[in-house]
Amino acid sequence: MAGDEEERTSDQSSQGPPQPEMDTLVPSHEDRYRNGAASHSPTTPTSGISQMSHVYYEDPEETTCGWGPFSPGCCQFFANPKAILFFLSWLAFTQGMVVNGFVNVVITTIEKRFSLQSSDTGLIASCYDIASVLCLVVVSYLGGTGRKPRWLGCGAIIMGLGSLVFALPHFLTAPYQYESIGMQSTCDISANSTDMCMNDDKLLSNFKYLHMLGQLLHGIGATPLYTLGVTYLDENVKASYSSVYLGVFYGLSLIGPAAGYLMGSQFLGFFTELTSTDITPDHPLWVGAWWVGFLLAAIMSWAVAIPILGYPKSLPGSLRHRMMRESEVHAGATNTKANDPEFGRSLKDLPRSILYLLKNPTFMFLNLAGATEGTLLTGFSTFGPKFLESQFGLSASSASMLMGFVVVPGAGGGAILGGILVNRLKLKCVGIIRYCLGFSLVGLLGCFVFLLRCDNVPFAGVNTAYMGLNQTSYSLTTTCNTDCHCSRDRYDPVCGNDNTVYFSPCHAGCEDLTTLSGSKVYANCSCIAPDPFGNVTTAIPGKCTPECAYLQPLFLGVLFIIIISMFLLSIPSLTATLRCVPDTQKSLAVGIQWILVRVLGTIPGPILFGAIIDQTCILWQEKCSEQGSCYQYENADLSKWMLIPAIIYKFLSTMWFALALFSYKPPKSPYSPNDVDSGVADEEVEVKVTTL
């Protein structure tokens, strides 16, 4: 104790006049940090425990779990990095499950249910990132110097509210009646064509604004998670373990979307009204229970908010980890005021903080690489199920499940493995960027998988002529069904025995409806070509199946390689970002990175891909004289317009990583390579917690 008193007395004498007794016993956080930084100055000897041993003090008020004055002793059991990793991973899992899982799974379903176009649903998906951009600077800057878990807990509450709002349209609309949308009767010459249009149909598309509001709340609530949550983990563990913790954190956040795909596909297997019906999930008019997953996500978000709100500003022992870190800041940023521990604690320092980061070329090139990766990731994840549906003739639930099977091992495994590889290979910042460059090249080669495609099944009046007609322009109404008075509003596709799709039984000229082995069969169809034996022409409900099922496993296999290569570099790229900026700017750096990634990548990504996909549509819904969702895409154009942006953005990503590598200048370390983390034992820095 005498030695402790002598050191405290020495500290006080060097800092000015004597302070009150409480300040004497417990130095301020700034003083403790300044004393610690001084012990690592270039003039400090680096050999021998006696020369490196110093005592630092942590304030118990800043390291004790609790909710205000309520701080039960049992809660202190959770005041460790593994526990907070569990709760933050839970929240990240929930965020990924709802935003990147459920939302992407239900895209085609809400298009059908609320008569939306792909450009509408692309904007809905982008609202999440728009809200994040608007909040990121304030949250990352102010939250970076405050109690981070409070920001994280409040964000979890807001995110749960967003999930509830997203599901509200289901409860605010009338029950879904597929009969009024398309269960077309057979050809009836005596009937008159009556297009069914009700006021409720015109209002359905307005519910997209509630979906947008829900996504905006998701974005606001998740903003602290990937800025403050990342830095809170990084500053509370040893530098050598940081990539492992971040790998687990991001791995579970990426398993979340996979779980969202798998669970969402199961929910879509139930009818949206949770009642029995006479159509199956394979029917084009089927709408699954898209809203159930969002209620589950709201409950999970609110449940994890409670323990996170109770965490302290820093965990016990975190000061020791900060003192033991070796600087890997880009050399151009080491001689700035940003290295001052007191810098960045007020808003007046914000402009200079941003300027210092913008002048860091390695940091900026890593941001641009993340933006291009984000464009592809959001585009693929949002419209990937739609691509599978169109190319391989799958139902919405089947396409979502297959995407989940690809995303589960690719995204989650890639993120966790990426963090482990950086740790096992003991990569420095330069090695990490080389690693990212290599896997970016792998992803670039994999993008050529979009050259694979299925030819469209013939669709009478859309991409092929009706039987016996030599049409230069296609029309759904022709001589064989003119007298049937078919409605253009009623979409109920059938597959004829000539392997051609018809808009409805009426458009196929079918006069009779029978039941064969429990299944509906339309017969005596005047627009369907008879077989060579002169049998009765028939049609069955639903679209015809494309004859290219053999391409599906190959496509999914290469898609898995693309996804795992993207996520194998995601955590190392973030680790390189954290290492190339000063400690005082890490929270702001992550915030700025996420702003740039969103503004340049994840916001325009879904909008861009949605607009591109809309251009490949060859048959639009027409409801109440307005254009609704797309019924049929041209597969050749769809593949081409998925390939072109994939190649362009992957090439740009590779280029940015190469420039980041060439621009990085490692600092001149005052220690030998064996002095930090490996050669300097943890015992050389002693941390004592004072009690008042």
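Placed from the backbone N, Cα and C atoms, the Cβ positions cover glycine too.
As annotated by TrEMBL, region 'Disordered' applies to 1-50.
Per TrEMBL, the feature compositional bias 'Polar residues' maps to 38-50.
Positions annotated as transmembrane segment by TrEMBL: 83-103 (among others). Here the transmembrane segment (83-103) has Cβ contacts under 8 Å with residues 77, 124-125, 128, 149, 152, 156, 159, 163, 166, 215, 218, 221-222, 225-226, 229, 232-233, 236, 245, 248-250, 252-261, 263-264, 290, 293-294, 297, 300-301, 304, 307-308, 311, 315, 381-382 of the same chain, all six or more residues outside its ends.
Residues or ranges marked as transmembrane segment in TrEMBL: 123-144 (among others).
Same-chain residues lying 6+ beyond the ends of the transmembrane segment (151-172) with a Cβ under 8 Å from its Cβ atoms: 88, 91, 94-95, 98, 103, 114, 139, 143, 207, 210-211, 213-225, 228-229, 232, 272, 290-291, 294-295, 297-302, 304-306, 308-309. Residues annotated as transmembrane segment in TrEMBL: 151-172 (among others).
The transmembrane segment feature in TrEMBL is assigned to 212-233 (among others).
Summarising the annotation, TrEMBL assigns transmembrane segment to 245-268 (among others).
Marked as transmembrane segment by TrEMBL: 288-311 (among others).
Packing against the transmembrane segment (362-381) from elsewhere in the chain are residues 100, 104, 125-126, 129, 257, 330, 407, 429, 433, 436, 440, 562-563, 566, 569-570, 573, 576-577, 580-581, 589, 592-593, 596-602, 604-606, 608-609, 645-646, 649-650, 652-653, 656-657, 659-660, 663-664: each is 6 or more residues past its ends and has a CB under 8 Å from a CB in it. Here TrEMBL flags 362-381 (among others) as transmembrane segment.
Summarising the annotation, TrEMBL assigns transmembrane segment to 401-420 (among others).
With a threshold of 8 Å between CB atoms, the same-chain residues lying at least 6 positions outside the transmembrane segment (432-452) that come near it are 362, 366, 369, 421-422, 425, 551, 554-555, 558-559, 561-562, 565-566, 568-569, 572-573, 575-576, 579, 639-640, 642-643, 646-647, 650-651, 653-654, 657-658, 660-661, 664. Positions annotated as transmembrane segment by TrEMBL: 432-452 (among others).
For 474-529, the entry in TrEMBL reads domain 'Kazal-like'.
Here the transmembrane segment (554-576) has Cβ contacts under 8 Å with residues 230, 242-243, 246-247, 250-251, 254, 362, 366, 369-370, 373, 376-377, 380, 384, 391, 402, 405-407, 409-415, 417-419, 421-422, 427, 429, 432-433, 435-436, 439-440, 442-443, 446-447, 449, 452, 590, 660 of the same chain, all six or more residues outside its ends. Per TrEMBL, transmembrane segment is recorded for 554-576 (among others).
As annotated by TrEMBL, transmembrane segment applies to 588-613 (among others).
According to TrEMBL, the feature transmembrane segment maps to 641-662 (among others).
Counting residues 6+ beyond its ends, the transmembrane segment (401-420) has Cβ neighbours under 8 Å at 104, 243-248, 250-255, 257-262, 265-266, 381, 384-385, 388, 394, 556, 559-560, 563-572, 575 in the same chain. Outside the transmembrane segment (123-144), and at least 6 residues removed from its termini, the chain residues within Cβ reach (under 8 Å) are 99, 103-104, 107, 151, 208, 211-212, 215-220, 222-224, 227-228, 231, 344, 347, 350, 353, 378, 382, 586-588, 590-592, 594-595, 598-599, 602-607, 610.
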